[in-house]
Amino acid sequence: MIIEPVVKGVVARSAHPFGCQQAVRNQINYVRTADPVTDGPKKVLVLGASSGFGLASRISLAFGGSKADTIGISFERGPSEKGVGTAGWYNNIFFREEAENAGLIGKNFIGDAFTPQMRQQVIDYIKTEFGGQLDLVVYSLATGVRPNPETGELWRSSIKTMGEPVTGPTINIETDTMEQMTIGTATPAEIEDTEKVMGGEDWASWIDTLSEAGVLATGCKTVAYSYVGPKATYSIYHQGTLGRAKAHLHATADQLNDKMSEMGGEAYVSVCKALVTKASVFIPAFSPYILALFKVMKDKGVHEGCIEQMQRLYSQRLYGKNKIVPVDDSRLIRVDDWELEEDIQQQVSELMVKITPENFTTMGDYQGYKADFMQLNGFGLEGVDYQADIDFETLTQLVA
């Protein structure tokens, strides 16, 4: 069979397995030639390891200098009668293959990271086959739902404002059109539920569970990822349900840092730049900002994707020559620093007001935006024969 891209709105309904393989290899090739991670961790757990920042973290730490053994947890779907499976499924497989070829452990756990059963499986594996202790825990779970650990009822996140409704343009990748979308005002319950799903509660619970099991090494670090952005995005992000959840995440880092300091450990949130990820394309009215930002940063030669961001985080912030991790006044690591430089934001603001539904494909970097989205799912990568006939049976034999 020949696998074609299928996009519905901003959701990819298909993935190209060997395009995903190429994307993983491209990221590995980048970190192998970048400034290396020195004095880095050797045993790493990545929660949410199959795409975006989680996958990039795993690649950076394994191949970007530290030569870390990694465990990745993700909720992905393999090939079945419903289709070829998700991009993350293949990212996991091909990462593991590359890691093992390099003499590293790249263990994948496929399932629900929120369940006690998954935690126990991971802890058992750490104790019996992974050397017993972790040097770093990366928390990069991006999901819209989380079960209440006591009742099993689902909390569902909402991307809404906490003030007046906001109307703004958003992009439909399926139709290559820009459409107006209104973001409504969240109810108190929606605000609370979003905090439960996207805040720091589950991160803290994981760290507590791992600590109680005795699998955190002395000096272990943990990091989660966040976004703050410029004032131009505040109404939809910073001052909305997402911003409230991220504030909870930031506060959680401080609480975890206090706990982990007793064993020489540290906990941080790294604030990253705006990027095209499976999660970010869902944020209404956010895409015009990304179109303008990408164009300006590429023109200036300072654009970064997930892998560049993570390599810079681990080589220049969390590890390396810094004996003290550089943070801002709120104890946040800032790798959004280039995005927020004054001259870049000035140019982005000037460009945003010029972007319209008629000209967005040329005025902003829509080609780059769409290419990033397609590449998340294994399409549009050089070196891949997209006309090749792929045997479905072969895909079912690939082992995660």
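Each Cβ is built from the backbone N, Cα and C atoms, and glycine gets one as well.
What Swiss-Prot records for Tyr237 is active site, proton donor, and it gives sequence analysis as the kind of evidence. The NAD(+) binding site annotation in Swiss-Prot covers 48-53, 75-76, 112-113, 141-142, Lys246, 275-277, and the record cites sequence analysis as its basis. Annotated substrate binding site per Swiss-Prot: Tyr227, in sequence order. As annotated by Swiss-Prot, site 'Plays an important role in discriminating NADH against NADPH' applies to Glu76.
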Checklist outcome for this item: Across the binding-site residues (Phe75, Asp112, Leu141, Tyr227), the Cβ with the fewest other Cβ atoms inside 10 Å is that of Asp112
Next on the checklist: Just to confirm: which same-chain residues, 6+ apart in sequence, have a Cβ under 8 Å from the Cβ of Gly48 (NAD(+) binding site)?
Outcome noted: Gly54, Ile73, Ser74, Ala113, Val138, Tyr139, Ser140, Leu141, Ala142
Checklist entry - By the DSSP assignment reduced to helix, strand and coil, which category contains Glu76 (site 'Plays an important role in discriminating NADH against NADPH')? => result coil
Checklist outcome for this item: Near the residue listed as 'active site, proton donor' (Cα-Cα within 10 Å), the recorded positions in question, chosen from Ser50, Glu76, Val276, are none
Item to check | Other C-beta atoms that fall within 10 angstroms of the C-beta of Val276 (NAD(+) binding site) | outcome: 23
Checklist entry - Using Cα coordinates, what distance in whole Å links Asp112 (NAD(+) binding site) and Glu76 (site 'Plays an important role in discriminating NADH against NADPH')? => result 9
Next on the checklist: Spatially, and counting Cα to Cα, which of the binding-site residues is closest to Glu76 (site 'Plays an important role in discriminating NADH against NADPH')? Options: Ser50, Gly52, Lys246, Val276.
Outcome noted: Ser50
Checklist entry - Taking just the CA atoms, what is the gap between Gly52 (NAD(+) binding site) and Tyr227 (substrate binding site) in Å? => result 14
